[in-house]
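Participant: Just passing along the structure, written as structure tokens.
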Amino acid sequence: MEAVRTAFLQSWNAYRRHGWGYDEYHPLSKSGSNLLGNKDAPLGYTIVDALDMLILQGLQREYEEARDWIRDILHWDLDGRLNVFETTIRVMGGLLSASALMRDPPPGTLPASLEDAQMFQDKAEQLAWRLLPAFETPTGIPKREVNLATGESFYDKDNFNSSSLAEATTIQLEFKYLAHLTKNQRYWYLAENPMFFVREATRPPRQGLLPIFLDPQSGTPLLGEVRLGSRGDSYYEYLVKQHLQTNYTEKVYRDMYEHAFDGIKSMLLGEFTGMEPPLLYTMEMFPRRVQQQITWTRRTKQDHLVCFLGGAMMLGASVHIDGKLHPPFNNSQATLAMQEDWRVGHELVRSCVNTYTESATGLGAEIVFFQPPTDMKPGTRPWMVKRANRQAEPNKAPLIDSRNILRPETVESLYIAFQLTGDPLYRDWGWSIFQAFQRWCQVDQGHGGYAGIDDVDSEHHQHIDRMETFWLSETLKYLYLLFAPRNKISLHDWVFNTEAHPLPVFTPLFPTDLD
């Protein structure tokens, strides 16, 4: 735990020295930048995203400096187009999490401050108010971007004015908790509106799976690829988490989770049988029109983003009627489906860890393709990464597939699995991953922060000049909690949003309209 804490402080202090107040930090050039390009218009991406991590680690001095910046400097009169989803999960989610933690701090964190908690809540609500214009569509499915200063909102013109599935269905934990705090039902139903149309689109006999784009005018899915990676991932993540967040009162989300994950198991899982035990992996589906008929083809592409799935399935398999989490092996009432979800979840975690341990650097790639056993040569891996040929094209940048940009999804699943089981195997895997980050991603022995690398299969890779905010808010947080005393943050009492901001479980004031 102390080693992870040291890595966090190295990263934070590098940002503080060279990029303080900016949204993003660039460790190679030792500089900062803002999303809107204006040095005087920060959104607080790094400071707010890391705020709850400062609280959890008990870093009083660093917390006070961040709190004062948020109170005195951060404002929402930002003239430019900002992504509604990213702003919600990172900034609004970070503020709400800090507010909750300062109201009711877990043991071993900073002492409570109701004054700070209220300030963070007020900032979050002021931001939520600026986001509201994006939800002014016929269905309530939000547009992609909003100008916080002018109130203008913008469709995604690059994708036929559609809304992505993940972005429309991954603002619910944040807005529902804000509704609970403020007792304002407008935020509650704003979160529910997109879910109504998604529920209608996934009713049986459909498989519970959806394409990655929705029409915000009608609420219907647009024919296209079905995947668990970008633009699809956190929809599936938030189904069970919505059920948990409201203290098991909204069974509709449990039902939607079960239906969707049955579809995943039947349609999107593959098994590599060329090793023992076999490796499970996920696939993507694409529609093709053949003689006026739609057929679906699959490819064995798995994004690093999909590595949340193993932990999500193990979490979903542990939900019990008594309002507590009980892994199936400790639950005599566990159904066969729950037992299968647990097994599949663990195997998917193992497969994601394999993409780390079997690379040249011990770091996982952004995208891998699993191979049929018949295509394998002796001594090769069950998956491959598309890479640029450095010898033939020395000046060509490696493909994005081969990067590691400090993503959190694998260690997120390891954290959840360890919390549910206490099995040290998950800690062992996490320690191996952390050591690889230390070996290959440190800049100036860590004093310059950490940076992603452009090729996980080359020890002669180049660093990428960006320390993603999720390195501080997610990757290091899950690693820190993985090695902290078990249940420092109890999964019975807290739900992590998709940016790893813990939000408390509560009994809702407003009824769900989805039933």
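The backbone N, Cα and C atoms fix where each Cβ goes, and this holds for glycine too.
TrEMBL lists Glu86, Glu366 with the feature active site, proton donor. The active site feature in TrEMBL is assigned to Asp233, Glu409. Annotation source TrEMBL lists Ca(2+) binding site at Thr498. Residues or ranges marked as disulfide bond in TrEMBL: Cys307-Cys352.
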Participant: Rounded to a whole angstrom, what is the C-alpha distance between Glu366 (active site, proton donor) and Cys307 (disulfide bond)?
Facilitator: 11
Participant: DSSP secondary structure for the residue listed as 'Ca(2+) binding site', reduced to helix/strand/coil, please.
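Facilitator: DSSP call for the residue listed as 'Ca(2+) binding site': coil, neither helix nor strand.
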Participant: Looking at the recorded positions Glu86, Asp233, Cys307, Thr498, whose Cα is closest in space to that of Glu409 (active site)?
Facilitator: Cys307
Participant: Find the shortest Cα-Cα separation between Cys307 (disulfide bond) and the recorded positions Glu86, Asp233, Thr498, and name the residue that gives it.
Facilitator: Asp233
Participant: Through the lens of DSSP with three states only, how would you label Cys352 (disulfide bond)?
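Facilitator: Cys352 (disulfide bond) sits in a helix per DSSP.
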Participant: Determine, using Cα-Cα distances only, which of these recorded positions is closest to Glu86 (active site, proton donor): Asp233, Cys352, Thr498.
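Facilitator: With Cα distances computed to Glu86 (active site, proton donor), the winner among Asp233, Cys352, Thr498 is Thr498.
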Participant: Among the active-site residues Glu86, Asp233, Glu409, point out the residue whose Cβ has the most other Cβ atoms within 10 Å, with all shown protein chains included in the count.
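Facilitator: Of the active-site residues Glu86, Asp233, Glu409, the most buried by Cβ count within 10 Å is Glu409.
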Participant: Other than its own, how many Cβ atoms are within 10 Å of the Cβ belonging to Cys307 (disulfide bond)?
Facilitator: 29
Participant: I'd like to know which of the recorded positions Cys352, Thr498 has the most other Cβ atoms within 10 Å of its Cβ.
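Facilitator: Per the Cβ count, the most surrounded site is Cys352.
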Participant: Return only the integer: C-alpha distance in Å from Cys352 (disulfide bond) to the residue listed as 'Ca(2+) binding site'.
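Facilitator: Cys352 (disulfide bond) and the residue listed as 'Ca(2+) binding site' have their Cα atoms 18 Å apart.
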Participant: For Asp233 (active site) and Thr498 (Ca(2+) binding site), determine the Cα separation and express it in whole Å.
Facilitator: 10
Participant: Around Glu366 (active site, proton donor), how many other CB atoms lie within 10 A of its CB?
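Facilitator: The answer is 20.
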Participant: Please report the three-state DSSP label of Glu366 (active site, proton donor).
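Facilitator: SS state of Glu366 (active site, proton donor) = coil.
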